[in-house]
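S.K.: So that we are looking at the same thing, I have put the structure below in structure tokens.
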Ligand SMILES: NC(=O)CC[C@H](N)C(=O)O
């Protein structure tokens, strides 16, 4: 599968994603600058982490207006797999491609740690290979990761099973202690209605090899390879 990693001024996870796809998955991947608009040569998109436009106004609030975002929207609307990681998740919520918002962490501090998340939805291209209840150990690094949605949206997300990842303890229990940022319902990642667009705050691309602390992230990134047939039939 051909992967695109969309890069904005201030992205810092773009090369991590590039390495994870190249070294971890052995798949073709290109960095795509935010001014580009032609994404037709790609099968899936990764919006990486970082501080696009310095996180000015709000994280992701300026990047959503970048020229590439109209093409990202069209790609998503055509059913293509899109993964927003950390700042990428923030950009996708700002763009309205995912519901809710990412607020300042409850601690008001930048949180950098390894956490556990539980897969609660295996119907997305990014979790297809993972049984619900699978626990992954992934790193987080963010100051604005507290997932928020209004009551009606939250109720709908839960009812439709669109919470994809949830912060849990090592045994898979949803506890306040396992929640690193005060996210509602311990939400670490959600998907759109169709399930092809997923955003999460933890960094799967920074966990693609045991040499760098863990390889659970590869399980998320590689799941999309199973969606290859669907992508091929789309183009
Ligand atoms: N690692 C990142 O993507 C950082 C995300 C974001 N800029 C924040 O601090 O909340």
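Cβ atoms here come from the backbone N, Cα and C positions, even for glycine.
Take a look at what TrEMBL says about it:
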| type | residues | note |
| --- | --- | --- |
| ACT_SITE | 86 | active site, nucleophile |
| ACT_SITE | 203 | active site |
| ACT_SITE | 205 | active site |
S.K.: Around the Cβ of residue 205 (active site), how many other Cβ atoms lie within 10 Å? Please give the count over every shown protein chain.
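M.R.: The answer is 29 other Cβ atoms.
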S.K.: A 10 Å Cβ contact count, applied to the active-site residues 86, 203: which residue has the minimum?
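M.R.: Checked 86, 203; of these active-site residues, fewest Cβ neighbours within 10 Å: 203.
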S.K.: Please list, in sequence order, those active-site residues from 86, 203, 205 with the Cβ less than 6 Å from ligand 1.
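M.R.: Correct list: 86.
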S.K.: Please report the distance from the Cα of residue 205 (active site) to the Cα of the residue listed as 'active site, nucleophile', rounded to the nearest angstrom.
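M.R.: One finds 11 Å between the Cα atoms of these residues.
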S.K.: Take the C-alpha atoms of residue 86 (active site, nucleophile) and residue 203 (active site) and report the distance between them in angstrom, rounded.
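M.R.: A Cα-Cα distance of 7 Å.
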